[in-house]
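K.L.:
Here you go, one structure.
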Amino acid sequence: MSIIVFGSINIDLVATAPRLPVAGETLLGEKFFKVSGGKGANQAVALAKLGIPTHMVGRVGADGFGGELVNNLQSSGVQIDNIFVDETVSSGVAIIAVNHAGENQIIVIPGANGCVNQEDVERLSHLLPEATALLLQLEIPINAVVAAAKAARKTNTRVILDPAPAQSDFPDELYPLVDIITPNEVEASQLVGFPVDGEELAAKAAGVLLQRGVKCAIVKLGAKGVFCATAEEKFFVPAFSVHAVDTVAAGDAFNGGLTAALFEGLSLHQAVVWGAAAGALATTKAGAQTSLPDRFTFDAFLRERF
Ligand SMILES: Nc1ncnc2c1ncn2[C@@H]1O[C@H](COP(=O)(O)OP(=O)(O)OP(=O)(O)O)[C@@H](O)[C@H]1O
């Protein structure tokens, strides 16, 4: 059995400079580096690094970045046979300029991620009978997300949706197709239409999401912890106390840890604890996929804390 992640695969091209350029200006910068990302790819790497058999389904372009992104996924242990190389577009790219104050300018080109469609859902459907869960996010066209969730319903595969980035036009038909939804505070606010800040409002938001048809709502509250609700149980898991240096990909690490625990047959409560542990560990290192914990580090962290 395995897990399927259906979503975005991106590369961030980062240039640092003393200040950001103004329109029409050419500026001498300082450093350049590339970071593999995309919420889909991050979640696939989070799972594979925890030792869970994981298929990535998505698209890259036929440019040099596509090959590099796929190789990175493969070397993290992700199964890459169902990543389609689209000859017609570039890979998903974010071009990021950062100044000394840490301010940035970002242009995101969805590229191949924006071309994910029904053909990809069909490739994914072949994997569903062998999958215990399908992980979705919102960085590919929403029609493809809905179609994938419908396909998973036919095989009774658990659907875990990270409704990120926050969307104002989230389709109502998606809620009843989702087993577990995992918004952060901003995404939860966008979905329910009132500010979500802290445990009490997270509980209220989770109640609204359950009413709309999801079976389980998990609201990620950053360094404050996590609130989880189903029709049967409601509980709060505090965040692990760690020295956080960079929260990028903490949410993706959380979804990886949560899904890994469920794959291994643990309870929902234990799965939320695993998610919180993976999220906390991801904040202790800089970067996206590079900050995601491997199984050895993850097990040692849990042993130390319990
Ligand atoms: N500073 C922190 N200390 C300890 N744990 C943390 C910290 N930040 C995040 N976590 C853990 O990781 C989980 C997910 O983090 P967060 O709520 O920031 O998700 P997110 O906003 O989706 O993340 P992302 O930055 O990837 O978008 C939290 O619920 C918490 O358990």
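Note that Cβ sites are derived from N, Cα and C of the backbone, with glycine treated the same way.
Just so you know, TrEMBL annotations never went through curation; they're auto-generated.
Note that this is a predicted model, so its numbers are computed, not measured.
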K.L.:
Which single residue out of Glu130, Glu139 does TrEMBL record at the substrate site shared with Asn10, Ile11, Asp12, Gly38, Lys39, Gly40, Ala41, Asn42, Asp252?
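P.N.:
Checking Glu130, Glu139 against TrEMBL: the substrate site match is Glu139.
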K.L.:
Which is it, of Lys39, Lys285: the one of these binding-site residues whose Cβ has the most other Cβ atoms within 10 Å?
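P.N.:
Of Lys39, Lys285, the one with the most crowded Cβ is Lys39.
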K.L.:
From Asn184, Ala223, Asp246, which binding-site residues have a C-beta atom under 6 Å away from some atom of ligand 1?
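P.N.:
With ligand 1 as the reference and 6 Å as the Cβ limit, the list reads Asn184, Ala223.
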K.L.:
Do any of Asn184, Leu221, Ala223, Asp246, Gly287 (binding-site residues) have a CA within 10 A of Lys39 (substrate binding site), and if so which?
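P.N.:
Qualifying among Asn184, Leu221, Ala223, Asp246, Gly287: none.
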K.L.:
Just give me the nearest neighbour of Ala282 (K(+) binding site) among the binding-site residues Glu139, Asn184, Ala223, Cα to Cα.
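P.N.:
With Cα distances computed to Ala282 (K(+) binding site), the winner among Glu139, Asn184, Ala223 is Ala223.
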K.L.:
Hey, which of the binding-site residues Gly225, Gly287 is the loneliest by Cβ count within 10 Å?
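P.N.:
So among Gly225, Gly287, the binding-site residues given, the one with the fewest Cβ atoms within 10 Å is Gly287.
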K.L.:
Take the Cβ of Asp252 (ATP binding site) and count every other Cβ within 10 Å, whichever protein chain it belongs to.
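P.N.:
So the number of other Cβ atoms within 10 Å of Asp252 (ATP binding site) is 32.
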K.L.:
Measuring Cα to Cα, tell me the gap between Asn10 (substrate binding site) and Asp252 (ATP binding site) in whole angstrom.
P.N.:
14
